[in-house]
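Trainee: Next up is a structure, given as structure tokens.
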Amino acid sequence: MSYSERDTVPLNQSSQSDIDEIENLINYTVQSGPATVLPARPPSPPRASIPVSSSPFLPSNLPPPPQKPPSVPAASPPPSTNGQQQSNMTGFGSPPNTLTEPVWDTVKRDLSRIVSNLKLVVIPNPFREDPGKALRDWDLWGPFFFIVFLGLILSWSASVKKSEVFAVAFALLATGAIILTLNVLLLGGHIIFFQSLSLLGYCLFPLDIGALICMLKDNVILKIVVVCLTLAWSSWAAYPFISMAVNPRRKALALYPVMLMYVSVGFLIIAID
Amino acid sequence: MDLNPSQGENYANPKICFFHVLFKAGALAFYILSALFFDSFVIIFVVTVLLSALDFWVVKNVSGRILVGLRWWNEIDDNGESVWKFECLDQESLARMNKKDSWLFWWTLYLTAVVWIFFGIFSLIRFQADYLLVVGVCLTLSIANIVGFTKCRKDAKKQIQQFASQTIANRFSSTIQSAFSVV
């Protein structure tokens with residue numbers, strides 16, 4: 001592989017200083033515009049000391065750390081373009097930080113992103129008016145944990161065939177989310193694949209709560225009531241994102257399968273004994 | 001790619017290397033050995049997938065940054081288009097990277113994916129759909145990392161070439177300028 005070529009590139013004294021010069025030039029000129037591949041210069045100690053923390057998780061998409069809290073991308077369009085530009089500029093300035101930041105910072109950043117995404121999706125807030133921008137910072141960790149959690153609860157509530165229940169619940173939810181996303185895309189909708197997956201996973205959160213309550217209290221009437229409430233909450237959470245993404249005449253076509261999937265999950269929760 | 005890392009050079013980040021390998025090996029070991037100890041598929045699934053996800057995170061955020069100085073992620077820009085971003089350290093730091101570290105990084109990355117493929121074929125032959133699900137998830141995570149980092153490295157190499165050609169161009173023009181000034 002050409003990996004070895006890179007290893008053997010010699011850097012003698014004069015070319016090293018030339019490279020420094022060039023990088024300074026580039027650093028000054030590029031600040032006027034972002035580049036897709038960002039050369040990052042680490043801060044003066046070339047290796048930051050890394051406190052290694054082994055906390056789990058996260059399929060990452062990690063944008064350069066926003067200087068403001070993550071809800072900024074969901075602001076109304078004029079401020080957001082400025083905000084985006086500023087974060088591009090500061091993004092270029094701060095890649096050294098994301099490449100050499102301590103591990104703990106990364107963990108905290110990812111965790112706070114999950115919480116903020118969750119709040120954006122399931123709690124009423126003004127940013128829901130503009131769904132395209134609301135879930136700009138998609139991540140798949142939240143959905144992953146919610147799906148696994150739901151599968152575990154369903155499996156725990158089942159008295160027989162626990163393994164099958166879990167496998168079925170997980171596979172159903174995962175493939176269901178993928179197929180629903182494809183459905184929206186094929187209807188000519190404008191949504192990013194991972195954004196939609198992320199959204200559908202986060203909207204599962206109310207059903208998770210419902211399943212937890214149903215597991216703890218075994219009354220059928222209570223189960224039905226709780227499941228209906230949480231189902232309504234999930235659907236309300238998912239509605240603006242999906243409906244905004246497609247042509248208004250095809251809203252029902254896109255929404256119906258989503259409702260169907262959540263209703264079937266609700267039935268699973270009620271019917272599990 | 002070096003088949004033998006340079007001798008006499010130690011790992012620069014032994015702890016990071018350890019964690020890089022730990023979760024991969026843990027997921028694989030748990031998958032293999034769990035059938036001996038656990039009857040319940042749920043536990044096998046959850047623990048294996050959890051370890052795989054942990055490994056994905058560690059490789060993407062920690063060992064990729066520190067062992068090879070590369071990072072990749074996805075952003076959604078103002079127009080709602082998804083953009084894949086790749087980032088690398090500058091040339092000096094890249095050249096300073098420990099060879100043993102990066103050798104370990106790339107080899108374990110590729111090796112894990114191959115082993116998961118092997119397990120997948122195995123469970124396919126035995127018609128075990130549940131285990132195929134586990135293997136599928138772990139394989140997806142491994143391949144995502146491989147693709148991301150390979151693209152990142154290609155971008156980094158392109159950048160090195162650009163720098164190199166710019167260096168040559170600059171030196172050339174400066175020599176010409178100095179030649180003209182003398183004349």
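Each residue's number is its place along the chain shown, starting with 1.
Keep in mind that glycine also has a Cβ here, set from the backbone N, Cα and C atoms.
Note: TrEMBL annotation is automatic and uncurated.
The following feature annotations were taken from TrEMBL:
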REGION    A:1-22  region 'Disordered'
REGION    A:34-99  region 'Disordered'
COMPBIAS  A:49-60  compositional bias 'Low complexity'
COMPBIAS  A:61-80  compositional bias 'Pro residues'
COMPBIAS  A:81-99  compositional bias 'Polar residues'
DOMAIN    A:134-267  domain 'Yip1'
TRANSMEM  A:140-158  transmembrane segment
TRANSMEM  A:165-186  transmembrane segment
TRANSMEM  A:192-213  transmembrane segment
TRANSMEM  A:220-242  transmembrane segment
TRANSMEM  A:254-272  transmembrane segment
Trainee: Can you find at least 3 Cβ pairs under 8 Å between the transmembrane segment (A:140-158) and the transmembrane segment (A:192-213), where each pair is 6 or more residues apart in sequence?
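Mentor: Contact confirmed: at least 3 Cβ pairs fall under 8 Å.
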Trainee: May I ask for the residues of the chain that lie six or more residues beyond the transmembrane segment (A:165-186) and have a Cβ under 8 Å from a Cβ within it?
Mentor: 143, 147-148, 150-152, 154-155, 158, 193, 196-197, 200-201, 204, 242, 245-246, 253-254, 257-258, 261, 264-265, 268, 272
Trainee: DSSP says what for the domain 'Yip1' (A:134-267): how many helix, strand, coil residues?
Mentor: 111 helix, 0 strand, 23 coil
Trainee: Across the whole of the domain 'Yip1' (A:134-267), what does the mean pLDDT come to? Round it, please.
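Mentor: Over the domain 'Yip1' (A:134-267), the predicted model scores a mean pLDDT of 87.
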